[in-house]
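Below is one structure, written out as C-alpha cells; comments come after it.
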Amino acid sequence: MKNRSLIARTGFAFAGWRTAFQRERSFRAHVGIVIFGAVLLLIVRPEPIWWAIVALICALVVAIELVNSAIEALCDMLHPGIHPEIKAVKDMVSGAVLAVTLAAIVVAAALIYAHWHVVMGKLAL
C-alpha cells in the first residue's frame, strides 16, 4: 500500500471504517455516541469552542475504538486460543477505550451543565 494516491489511501481508511462497523458492536455503539454528540450540538447550539471540543473527543472515541478493534483482530489471528499475554494486551487496549469514553462522558456532561437552560427549554417544547 505504499506510494498510493491520496484518494486510494482515503478509500482504504473508509474500508476500515466499514469493516469495523460490520464486525464490531462496540464500534457501532461508539458511532452512536458520536451521533448523540452531533445531535446535542444541534440542539444546544453552543459557542464554537464547544463544537471543537466535541468534535475532537468524538474523533478520539472513534479512533481509539478502531485501534482497539484492529489490535484485537490481529491478536485473535495470531493466537486464536486463550493466552495470558494476549489477554493482557486486549485488556490494556480496552482500558484505553474506557479512558477515552469516560472523557467523552465528562465532555457531554460539561456541555449539558453549561447549557442546561437551553437543553431544558428544548426538551419542554
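We number each residue from 1, going along the chain as drawn.
Each Cβ is built from the backbone N, Cα and C atoms, and glycine gets one as well.
Note that the structure is a prediction, hence the values are computed from the model and not measured.
In TrEMBL this protein carries:
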- E24, E72, K90, D91: ATP binding site (BINDING)
- E24, E72: divalent metal cation binding site (BINDING)
- 27-44: transmembrane segment (TRANSMEM)
- 50-71: transmembrane segment (TRANSMEM)
- E65: active site, proton acceptor (ACT_SITE)
- E65, S94: substrate binding site (BINDING)
- 92-116: transmembrane segment (TRANSMEM)
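In three-state terms derived from DSSP, E24 (ATP binding site) belongs to neither a helical nor a strand segment and is classed as coil. The Cβ neighbour count for D91 (ATP binding site), using a 10 Å radius and every protein chain shown, is 9. As a whole number, the greatest separation of Cα atoms within the ATP-binding residue list E24, E72, K90, D91 is 16 Å.
Taking all protein chains in view, 18 other C-beta atoms sit within 10 angstroms of the C-beta of E72 (ATP binding site). Taking the Cα atom of each, K90 (ATP binding site) and E65 (active site, proton acceptor) are about 12 angstrom apart.
On the backbone, the CA of S94 (substrate binding site) and the CA of the residue listed as 'active site, proton acceptor' stand 9 Å apart.
S94 (substrate binding site) carries a helical DSSP state (H, G or I). In this structure, the C-alpha atom of D91 (ATP binding site) lies 13 angstrom from that of E65 (active site, proton acceptor).
Comparing the residue listed as 'active site, proton acceptor' with E72 (ATP binding site), their Cα atoms are 10 Å apart once rounded. Neighbour counts of Cβ atoms within 10 Å were taken for the recorded positions E24, E65; the minimum is at E24.
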